[in-house]
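Each remark here refers to the structure printed beneath this line.
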Amino acid sequence: MELVFIRHGQSEWNAKNLFTGWRDVKLSEQGLAEAAAAGKKLKENGYEFDIAFTSVLTRAIKTCNIVLEESDQLFVPQIKTWRLNERHYGQLQGLDKKQTAEQYGDEQVRIWRRSYDTLPPLLDKDDEFSAHKDRRYAHLPADVVPDGENLKVTLERVLPFWEDQIAPAILSGKRVLVAAHGNSLRALAKHIEGISDKDIMGLEIPTGQPLVYKLDDNLKVLEKFYL
């Protein structure tokens with residue numbers, strides 16, 4: 001069995017080196033090209049999908065659409081879920097990473113970005129960019145909508161969707177594409193690969209590059225590689 005992850009192509013805020021999180025930004029020109037190249041590469045290597053899962057953020061949805069279009073599979077059903085959203089970066093969202101490091105120190109920013117269990121400063125629920133004010137999340141209980149997350153909380157958010165939707169799809173024989181975000185994919189990778197809390201800090205997933213997992217019947221990883 002195989003599973004393909006793809007992190008969305010470069011976003012406009014990736015290009016500007018800003019913290020993004022749940023803020024909804026578009027793909028950059030480079031990001032659009034990365035997604036198209038990924039779709040073509042998947043087609044060239046014979047990858048076909050029966051279902052695709054993505055987040056409710058534009059950059060991941062757009063990447064999913066482009067990948068499927070470029071691989072002549074735009075007909076493949078897509079399921080969009082908030083559970084595959086990027087990690088919520090709280091008050092850091094929209095800030096310049098370099099300037100934030102100058103203000104708080106490189107080590108503090110590294111911990112905020114890569115630590116498994118350290119939360120960023122939380123965003124106020126009344127902030128104009130709070131997810132509580134976004135109709136994408138209006139159906140969710142207020143205590144479920146995050147104001148800031150670490151990777152541990154992100155995994156706790158993503159894991160129920162893996163167990164309820166993604167894993168059963170793979171086990172039923174479906175060929176699955178997951179188009180999501182750096183940290184939601186890191187969280188899934190941690191679970192699938194059994195990566196330790198310490199080692200997950202060093203895992204980077206590049207934008208726009210298909211990551212293939214070959215899995216056994218228990219969804220244990222047999223092989224992992226980028227196309």
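Going from the start of the chain as shown, residues are counted 1 onward.
Note that Cβ sites are derived from N, Cα and C of the backbone, with glycine treated the same way.
Swiss-Prot lists 7-14, 20-21, ARG59, 86-89, LYS97, 113-114, 182-183 with the feature substrate binding site. Shown in sequence order, THR20, GLY21, TRP22, SER55, LEU57, ALA180, HIS181, GLY182, ASN183, SER184 are the residues of the chain, 6+ apart in sequence, with a C-beta less than 8 angstroms from the C-beta of GLU86 (active site, proton donor/acceptor).
On its own chain, HIS8 (active site, tele-phosphohistidine intermediate) has LEU27, GLY31, ALA35, ARG59, ALA60, LYS62, THR63, ALA179, ALA180, HIS181, THR207, GLY208 as residues at least 6 apart in sequence with a Cβ closer than 8 Å to its own Cβ. Taken from Swiss-Prot, the feature active site, tele-phosphohistidine intermediate covers HIS8, and the record attributes it to sequence analysis.
Residues or ranges marked as active site, proton donor/acceptor in Swiss-Prot (evidence: sequence analysis): GLU86.
Under DSSP, HIS181 (site 'Transition state stabilizer') is assigned to coil, being neither helix nor strand in the three-state scheme. Among the features that Swiss-Prot reports, site 'Transition state stabilizer' is placed at HIS181.
In this view, GLN10 (substrate binding site) is surrounded by 22 other Cβ atoms within 10 Å of its Cβ, with every protein chain counted.
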